[in-house]
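Heads up: the structure comes next, in structure tokens.
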Amino acid sequence: MSKTHGLTLEELQELSKRATAAKDVSYCPYSNFRVGCALLCDDGSWVIGANVENASYPVTICAERTALVKAITEGKKKFRAIGVSTDISPPASPCGMCRQFIREFSDNSVPIFMYGKEEGECVVRTLGELLPMSFGPEDLLPPGRGARK
Ligand SMILES: [Zn+2]
């Protein structure tokens, strides 16, 4: 697969723009670590999310899961690409919990574009690269059931 993972130049630019802009709605008064996420859904629509922290720290929700929960509850369960943006360099990658959460709704080929603080800075990995030998819905559900059917 090429570095674009089947996305058009316009989609790549939009993914970066939306993931980066999503940092602006982050609620992170404790860490000041802003994270934005953008999902390109298979119907061509976009969903964004940001991290939402809590005074009880473990209750905090990451940007990736915020975006996915929004998408799933809007009936969007298939994704062509995921963009994650932070203010650090090199770019941060999704945490382990989010990788597993993404796995529920994506196969191993879905690309995750990670953007850092420098203009144009981007690292791309597939979910399979970030979460090898993963456990997913097909391990529990018979064919024809589960989110991706
Ligand atoms: Zn996470």
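Heads up, the Cβ atoms here are built off N, Cα and C, so glycines get one too.
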Zn(2+) binding, same site as CYS95, CYS98 - TrEMBL member from CYS41, CYS62:
CYS62
So how many other Cβ atoms are close to GLU64 (active site, proton donor), meaning within 10 Å of its Cβ?
26
For each of the binding-site residues (ALA55, CYS62), count the other CB atoms lying within 10 A of its CB, then report the residue with the highest count.
CYS62
